[in-house]
Amino acid sequence: MRKNPSLRIYALAYLAFLYAPIVLLPLFAFNDSRVIAFPLQGFTTNWFAEMWADKTLFIAFRNSLTIAVSAAVFSTILGIFAARASTRYKFPGKPGILGLIMLPMVLPEMIVSMALLVVLIAIGVPLSLFTIILGHVLICTPFAVAILTSAFQSLDRSLEEAAYDLGETPASTFRLIILPLVMPGIISSLLISFTISLDEFIIAYFLGGNQTVLSVYIFGQFRFPAKVPAVMALGTILVCISIVLLTIAEYFRRRGIAKSGGKDTGGFL
Amino acid sequence: MTTTEKPNMIEFRDVHKYYGDYHALRGINATIKAGEFFSLLGPSGCGKTTLLRTIAGFEDISSGAVLIDDKKMDDVPANKRPTNMVFQSYAIFPHLTVEENVGFGLRRDPRSKDEKAKAVAEALEMVGLKGYGKRAAHALSGGQRQRVALARALILKPKVLLLDEPLSALDKKIREQMQVELIKLQREVGITFVLVTHDQEEALVMSDRIAVMFEGQIAQLADPETLYRRPNSRKVANFIGTMNFLPAEVLSEGAGGIEVEAQGFGRMTLSTDQVMAGEAGQGAVVGFRPETLTILYDSQTATDREVMGTIEEVVYFGDMTYYDVKLDGTTEALRISMRNVFGRPVLEIGTRARVAWSPGALVMFR
């Protein structure tokens with residue numbers, strides 16, 4: 001059977017559309033011109049220096065980091081509880097409860113942020129980094145639950161019983177057996193939640209009050225054409241960080257599966 | 001195999017277990033003697049694993065009592081019971097080395113590090129894994145994992161070792177080898193072994209006594225030979241080995257035994273210990289194992305009795321041949337197994353054969 005060449009062209013065009021803009025980021029980040037246009041001028045690292053000197057950018061970056069780390073830690077802790085409960089215990093209404101936990105994954109963020117904004121204002125909570133963290137925990141938790149459930153599921157129940165049988169308490173069994181075996185899942189969950197939170201825009205924009213985070217700041221900079229090359233430099237750095245984090249996350253996820261002898265299903269990379 | 005003088009190690013007193021509406025254990029009463037190799041045998045879903053897990057403390061019982069060494073285990077959690085378990089999946093901790101796995105139970109042991117290391121080395125040597133201590137557990141073969149699981153459980157010197165289908169994941173050769181090793185090991189350490197298996201051959205080979213379970217109840221508890229020769233029901237007879245059945249009728253009962261007329265065999269007298277209770281709605285039958293009948297060759301004569309039949313099917317197994325023979329006056333063919341002897345040809349389908357039998361080898365279910 002001959003393959004249809006138009007399908008191949010479609011696939012290539014699709015990939016180009018997906019990734020070409022990302023390739024443009026480093027291209028213009030090192031381009032010696034304030035105008036974003038071909039042909040490229042000379043090579044420069046000025047934009048990175050300009051970006052580095054920007055105080056507001058630094059504050060936005062620090063805010064984003066605080067939010068992303070907090071959101072990753074909280075959603076992973078919540079994810080551990082939910083994943084453990086969903087894989088080990090039976091309780092009434094389990095499918096419904098798990099469904100509700102996973103729902104924010106598919107819910108438009110606009111709705112989540114609007115609803116949160118209305119509630120927070122109504123009960124008089126001032127908008128701050130904390131409120132952004134709340135919103136981000138909400139959207140990161142489903143991802144944490146999904147990753148951790150697969151980690152907990154690949155754990156043979158007999159392992160727990162064996163440890164218990166050999167004289168350990170439920171608490172020490174969790175520490176000595178379960179935790180080390182799901183650790184790759186935990187690391188993977190932390191990294192992915194961190195990444196999701198870091199580049200989230202809508203919730204950060206709605207719930208941030210007068211605090212600026214990276215994504216909102218970058219969007220703001222596009223109003224000033226002169227600032228765009230510096231944003232490109234920042235974007236280049238963010239792309240690199242994202243690739244590194246996702247690679248580490250995937251590495252730990254796969255190692256976790258290999259360790260417990262399970263089959264590789266799904267995954268991000 | 002005499003275990004009568006030995007003290008009780010495990011006692012089940014009217015043990016019931018419900019999962020919701022499902023009645024998994026229906027009044028288990030049994031005792032397991034100290035130092036005994038005891039097997040729980042039955043088809044899947046018969047409750048044998050559940051019963052084993054009540055000994056380990058992984059399952060609560062709904063009513064009744066489980067005693068270990070004359071102590072009630074009601075309020076004793078699994079981590080405080082004098083039992084250790086070899087799991088069906090072996091449950092080797094994949095993130096630890098062989099050594100760390102075997103020594104896991106010694107974590108709370110007050111002995112010095114050196115003494116513990118020595119105990120681990122001894123345990124590994126006992127199961128034939130000397131020198132494997134530093135290996136990663138997840139890199140072991142199935143047979144090796146099982147040895148690690150055994151060493152890990154035995155290092156704590158439990159009063160009872162529980163084995164949940166420990167050989168089912170191994171291939172045939174290694175399984176047979178491990179059966180022998182387990183028996184030797186049990187004799188060596190003298191610990192009470194309780195084995196769960198669905199493999200009747202494995203149970204017969206390894207056990208001092210076997211409890212055959214169906215639907216949450218013990219159908220028969222006896223030593224392997226009694227179970228095989230005198231099964232107390234048709235169900236047990238069918239589960240352990242093969243048994244042929246022929247319709248029969250009781251003619252008279254007396255002090256010396258009962259007079260029976262069986263299809264194909266005619267009249268005979270059976271002693272009372274050959275007669276078992278049958279199932280309601282099924283008529284009386286006599287049953288016999290395939291190897292208790294012998295097809296006679298030309299010059300041979302029967303030591304006891306003889307009937308004629310026609311060979312309808314021949315199944316050649318190398319060392320054995322199975323013949324399906326229809327005896328004169330019977331409606332269905334019976335299976336007869338014969339050991340093949342050098343120089344004696346395997347008989348052909350359609351051959352008329354003289355079949356030797358003996359009333360002493362029969363059991364009756366009525």
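Glycine residues also receive a Cβ, built from the backbone N, Cα and C atoms like all the rest.
Going by TrEMBL, these are the annotated features:
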- A:12-30: transmembrane segment (TRANSMEM)
- A:61-249: domain 'ABC transmembrane type-1' (DOMAIN)
- A:65-85: transmembrane segment (TRANSMEM)
- A:97-123: transmembrane segment (TRANSMEM)
- A:129-152: transmembrane segment (TRANSMEM)
- A:173-196: transmembrane segment (TRANSMEM)
- A:202-219: transmembrane segment (TRANSMEM)
- A:231-252: transmembrane segment (TRANSMEM)
Requested in this report: Please give the sequence-distant neighbours of the transmembrane segment (A:65-85): residues at least 6 beyond its ends with Cβ less than 8 Å from one of its Cβ atoms.
Outcome: 91, 98, 101, 129, 132-133, 136-137, 140-141, 143-145, 147-149, 151-152, 182, 186, 189-191, 193-198, 204, 213
Report task. For the transmembrane segment (A:12-30), find every same-chain residue at least 6 residues outside the stretch whose CB is under 8 Å from a CB in it, and list them. Result -> 36, 40, 43-45, 47-48, 229, 232-233, 235-236, 239
Query raised in the report: Who are the long-range neighbours of the transmembrane segment (A:231-252) in its own chain, taking Cβ under 8 Å and residues 6 or more past its ends?
Result: 22, 25-26, 28-29, 36, 47-48, 50-51, 57, 183-185, 187-188, 191-192, 194-195, 198-199, 214, 218, 221-222, 267-269
Report summary line: Stretch winning on C-beta pairs under 8 A with the transmembrane segment (A:202-219) (pool: A:97-123, A:129-152, A:173-196) is A:129-152
**Report entry** Within-chain partners of the transmembrane segment (A:97-123) [C-beta distance under 8 Å, separation at least 6 from its ends]
**Finding:** 82, 86, 91, 131, 134-135, 138-139, 141-143, 145-146, 200, 202-203, 205-207
